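Here is the structure we will look at, set down as structure tokens.
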């Protein structure tokens with residue numbers, strides 16, 4: 001199981017011939033829990049096995065188009081809103 005410490009359970013998918021992590025924790029996802037869940041972005045100063053590897057986007061609900069952000073934590077703003085979290 002290669003899940004960077006975010007899961008201790010794996011499952012073998014026979015028809016794909018791959019082992020995948022199950023129930024990734026710390027807001028991670030992916031075959032090896034190596035990606036952040038939607039609504040989170042990668043903490044560039046944390047190692048992949050750090051439980052704080054994914055940071056919540058915290059997009060402003062009024063100013064942002066949705067609650068997802070890009071890989072640097074910037075949210076997509078509606079017209080008239082600005083700033084990394086669309087709260088300016």
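Note: Cβ is positioned from N, Cα and C throughout, glycine not excepted.
Database features, via TrEMBL:
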{"type": "DISULFID", "residues": "57-69", "note": "disulfide bond"}
{"type": "DISULFID", "residues": "77-86", "note": "disulfide bond"}
{"type": "DOMAIN", "residues": "57-88", "note": "domain 'Laminin EGF-like'"}
Intrachain residues whose Cβ lies under 8 Å of the domain 'Laminin EGF-like' (57-88), provided they are six or more past its termini: 38-42
Residue 77 (disulfide bond) to residue 57 (disulfide bond) - Cα separation in whole Å: 13
Inter-residue Cα distance where the pair is residue 86 (disulfide bond) and residue 69 (disulfide bond), in Å: 11
Integer Cα-Cα distance in angstrom, residue 86 (disulfide bond) to residue 57 (disulfide bond): 11
Number of helical, extended and coil residues in the domain 'Laminin EGF-like' (57-88), per DSSP: 0 helix, 9 strand, 23 coil
Packing count at residue 69 (disulfide bond) (other Cβ atoms within 10 Å of its Cβ): 24
